């Protein structure tokens, strides 16, 4: 039994170095002594969140047209949202920028 | 030195492209290269002539452009492209100029949406200017418009497109077909919702291809004038407090408008009319400064404009008594009356004491009686705008609004080529060496009222025109005419006086007094008594500048000093505006007076011309105002100049005879 424990402690040290060798030992160690809890819990991923990882917040009131083409006027690359000149001045988000 | 130059000449690719056997003597005549072996510009010299307290550096260039907005950048790289050694002196980084806020479109008669002709655009612009615009300049601008827009597009400006790939044009800004008889024209090209931003960035990017020398964050103080000729500019480097004199054969002013004379304006804090003031101090006139374009509903304090669509969707204007006051002024149209009627009604309510707020100086625009769903669908984004700029929840509280200045039609008078002019002995005389373009200039394409989407066009066309005129008349590397060594010492003396000013009134207090006076007396509501009172008050405020007090005595990045210099410039613009408005006894375009409600032309165009006597020049008002100021006393002198009624080529494009303007 103590020999096995020695093997287990040895295996743990080796595990950190060689995966292949360690797996043989750890496999035998685990099967022998039940399931010891992981001494080193997996740490949270440290990679930063990318721009498209989080769901896009729908806070922007004026939505982009599909493919940037206005379905009514077929204008490509035009202003988003309703037609800016519909009230006679150039309106965007309630602000008038030209008249 | 010559061998070094020859070596670097061979290395420089640009010269390789037009290699010919250039004798060494000719190299002296062409401009110096931008770089030099020792990393220092050899042409800049420190001078002791005007001040021993301030380090003064002298530069020599072929051309200097003051201002780096849309017009300034276009002129600067147009000149660099033509081979001139150009300096661009600007108090802001080029992409921070106010052009970036112009989000509307550009008009051009490209004819992509329907059959179009630039002559119809010409007619619309002449009519919009209420026949105060110079028809030759308007002819030039509208004829060049399609080429200018195509050129911008070739520079990389991402205009929105139709399905075929041509530039998409929409209906905007009072444009019509067939001289007003063919219905609405679609002429306005845009880049998503940020045409001005895109224009400025495109021009800046393009200008980096040429080797214009940028002097960023240099505040231009004055023009260097000698014998009526402009020989350069003197400027303060804000970063280290040194004074720089830029000597050049040609000076182009593109400094923008002066919205900040008024309490409520859409312009940036940097729109202080520096160019107009520099020209005034040089003894030259400014033209048509009384024509200032207002919008009725600008947010109080912030200066952003609320669209007319709010009133179109059912929003109402409320005074302090909670009354829907538009019913009294326009019983049928009510809140949907035309912009000038609404602005005037709001001002009258405020003048009569029914304004809201602690100073009772604005009114409310109420939208909370409309269902929030309707607001969100018809006017998306308005709750955001109201919360950010006014701090109100548009579904519960009204928005504080008042009439707001948006654009200045007036400025430095120029001819259609961009050369600055003075009117002496009944004739237009060109000021040698001085040019102007953009909002600072008044080639008078906008006349008494500017049409929407025409001002961005004005910038690029006249920016290019200045560069072309200079290229035609001068050569790169021309010898500079001699300048007195003491040129510019008054500017330095003024700077020194302001830096150590120790009076009793702060800059901000004087500025607020001026802004409130202008807003109360020279805004939308203009009558003789109100204007006269305003002129007297402005004269007092001008005198109170003697008591100015500044706090920062340093020279490095002294914003107190720069703000005080800007205040001096604003004052000069303000006194000219209000005095010119007081003298003009008629209503035309944006200048509307309650006591003289009609336009007074040489003939009465509402009746047939047969049998009418032509009024002499002194008795009618279809003329440009030229205003001069004595900077020491603040006294304004006004003279008048006739409107140019003939186009550049009568066969190609007949001029439009005046008529009554009705839409």
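Just so it is clear, glycine is given a Cβ too, placed from its N, Cα and C backbone atoms.
Bear in mind that TrEMBL entries carry predicted annotations, made automatically and left uncurated.
Taken straight from TrEMBL:
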type	residues	note
DOMAIN	B:62-456	domain 'FAD-dependent oxidoreductase 2 FAD-binding'
BINDING	B:67-72, B:90-105, B:274, B:439, B:455-456	FAD binding site
MOD_RES	B:98	tele-8alpha-FAD histidine
BINDING	B:295, B:307, B:406, B:450	substrate binding site
ACT_SITE	B:339	active site, proton acceptor
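A map of TrEMBL features onto the structure.
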{"residue": "B:67", "record": "FAD binding site", "DSSP class": "coil"}
{"residue": "B:92", "record": "FAD binding site", "DSSP class": "coil"}
{"residue": "B:98", "record": "tele-8alpha-FAD histidine", "DSSP class": "helix"}
{"residue": "B:104", "record": "FAD binding site", "DSSP class": "coil"}
{"residue": "B:339", "record": "active site, proton acceptor", "DSSP class": "helix"}
{"residue": "B:406", "record": "substrate binding site", "DSSP class": "strand"}
{"residue": "B:450", "record": "substrate binding site", "DSSP class": "coil"}
{"residue": "B:455", "record": "FAD binding site", "DSSP class": "helix"}
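Spread of the substrate binding residues is 18 Å (greatest Cα-Cα distance among B:295, B:307, B:406, B:450). Here the binding-site residues are B:71, B:92, B:100, and the one with the most other Cβ atoms within 10 Å of its Cβ is B:71. Using a cut-off of under 8 A between C-beta atoms, the binding-site residues B:71, B:92, B:104 that neighbour chain A are B:104. For residue B:450 (substrate binding site), the same-chain residues lying six or more positions away in sequence with a CB closer than 8 A to its CB are B:128, B:129, B:293, B:407, B:409.
In the three-state DSSP assignment, the secondary structure recorded for residue B:307 (substrate binding site) is coil. Residues belonging to the domain 'FAD-dependent oxidoreductase 2 FAD-binding' (B:62-456) score a mean pLDDT of 93 in the model.
Of all the binding-site residues in the record (B:67, B:71, B:92, B:100), the one with the smallest CA separation from residue B:406 (substrate binding site) is B:100. Applying an 8 A CB threshold to same-chain residues 6+ apart, the list for residue B:104 (FAD binding site) reads B:172, B:173, B:188, B:190, B:195, B:196, B:452, B:453, B:456. The DSSP secondary structure for residue B:295 (substrate binding site) is strand. The recorded positions examined here are B:96, B:295, B:339, B:406; by Cβ neighbour count within 10 Å, the least packed of them is B:96.
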